[in-house]
Amino acid sequence: MYQDNVIRPRMTDSPAFLGGTAAVVFAAACLSGAGQSGLGGLLAPVVNSLSAPALRTVAVALTLALAFTANIHLIGKLPLRGQVIAVWTELLLLFLVFFDSFDLSYSFIGTKVGFMITQGVLTTVYVSAISIAFAFVFALLGSTAKLSGNGFAVAVASFYTSFFRGVPLLIQIYLIYLGIPQLGYVVDAIPAGVMALSLCYGAYMTEIFRAGIMSIPKGQWEASRALGLTPWHTLSRIILPQSMRLIIPPTGNQFIAMLKDSSLVSVIGVWELMFLARTQGRAEFRHLEMLITAAVLYWALSFVLERVQAHLEKRFNRAHR
Amino acid sequence: MKRLAFAAALAGLLAAGTAHAGEVLNRITQSKTMTVATAANWPPQSFVGPDNTLQGFDVDVAKEIAKRLGAEAKFVTPEWGIITAGRWSGRWDISVGSMTPTTERTRILDFPAVYYYTPYVFAVHQSSPAASRADLNGKVIGVEAGTTTEDYINGRLKIDAVGVPPFTVDVKPKEVRTYGDSMGPLDDLRLGNGTRLDATVSALPTITGAVKRGYPVKALADKPAYYEPLAIAIDKGDADFGSRLTAIVDQMKADGTLKTLSQKWYGDDLTTLR
């Protein structure tokens, strides 16, 4: 976004803003009865001497308001990068405290996490990777068909995108897994899941590809044709390489989304990450541990992919730097 | 003539979903593997054990059946709804998954043998004053969706099997809440008496297991609400395989194998009615 050049005093230095924030936090903490919550337990050594519950709430709320305001004030003094790092760390810590308050058994997570990675993460990643590769092909075919002058191709492609974007992925998985055997072809769980994922994401990506191709000025087509290139060569050598710059970032986004949507394949019995998360802790009545472990693993995967995507974006943007 | 051939091809195509007599049995004896569909999150029947393989009562029973057929058991774990939907198209040969042979299910699956019975009980929070089922009238009761507990609490349960003792639905709940799995009601019940739920209907082994893991719940002490007969299921149409399975289960009951397995996993003999 646009960086304004007018220099104003920092908001986090203004007493009115800080006072207002403190008052809001104090009021919210008082109203939600902070003294009785888990937060009150955290401050227990200090506030337990106060016997009246109302007094305890006020004490906890006051501490909270002061700490929060001081925190904002201090972070406000940092440069932008420092602010980002500080707030990230704080949010992450809060998250960990939140998880920790569930009274989790870390030793149990320790015994299971290896299998969740070797079996679960591996299956999730390879199912998603194969699916995105197929989806890429479907999208390329779909978008060229949609932009072609052939009535049949346009009809088939628009029918395809309409159906696969209009029906929930879960239903598509069921339809493919249960429906195709009625025709006499028995598909296994993983091929059925890959088929559903790639058809569905192919339909979404068709629109991304179409937008990418249409963004290239018409003059490029005309110039290529004038030079005697065939329409196919124009598309593959001139138009697509240029439109990749616009296609790659949203495709990476789709892959990250697919990574998580692939958890739907667990309903047909594929032992991927979500399936293991739901089943591993069941015998020990420790499903919360497994769900949190899966959440962290999915998050870590997405984080890595975001980095990869940023790198790709940079690469395809070379010409425009 | 052409039309006739087309109709025949179409009929063949439609029939491809169901099994033919002896087909499944032949497949098992030839490949020496019996593919078993079972759940993966239903202890102590079948669950993922500490060594990351399936284990439990159903798994042991399936392995024993496979052994007596001269084959090795291989397990697949599709969602429960997909197993009970029938038309397995040979993806798996048999379900040893504690399935209740309800009237509706007998339309799409065959149940060659009932291999044990589970008592179903009402469970409440530890601090609940309820002492018998009569105290639960007008309360909020949670059940697992798509199971016999849901049909029972709504007064729709019909069990179509021999030797099931008659039961009556004598609780009129204010509200029935349904959950996606059997842990849902217990997780809500543990929050406190009446916080989200007042009671749940569940299999006695599930309640016992939860109590063992420190859930603050207890089963009501009166007679079980109903007994659920649990059967082996196969796809429609292979009578040879069915009669072979009936004979094997009878044999396992007679020589005490089934009883030993029940003692091992439930600490109790659930293979006969009391």
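Cβ atoms here come from the backbone N, Cα and C positions, even for glycine.
The feature domain 'ABC transmembrane type-1' is assigned by TrEMBL to A:121-309.
Distant neighbours of the transmembrane segment (A:16-34): 40, 57-58, 60-62, 64-66, 68-69, 72-73; these residues of the same chain sit at least 6 beyond its ends, with a Cβ under 8 Å from one of its Cβ atoms. Per TrEMBL, the feature transmembrane segment maps to A:16-34 (among others).
The annotation transmembrane segment is assigned in TrEMBL to A:54-75 (among others).
Per TrEMBL, transmembrane segment is recorded for A:87-109 (among others).
Per TrEMBL, the feature transmembrane segment maps to A:121-141 (among others). Listed as Cβ neighbours of the transmembrane segment (A:121-141) (distance under 8 Å, sequence separation of 6 or more from its ends, same chain) are residues 157, 160, 190, 193-195, 197-199, 201-206, 208-209, 251, 254-255, 258-259, 262-263, 265, 270-274, 297, 301.
What TrEMBL lists as transmembrane segment is A:153-177 (among others). Same-chain neighbours of the transmembrane segment (A:153-177): 138, 141-143, 145-146, 187, 189, 192-193, 195-197, 199-200, 202-204, 206-207, 261, 264-265, 267-268, counting only residues six or more beyond its ends whose CB sits under 8 Å from a CB of the stretch.
Taken from TrEMBL, the feature transmembrane segment covers A:183-204 (among others).
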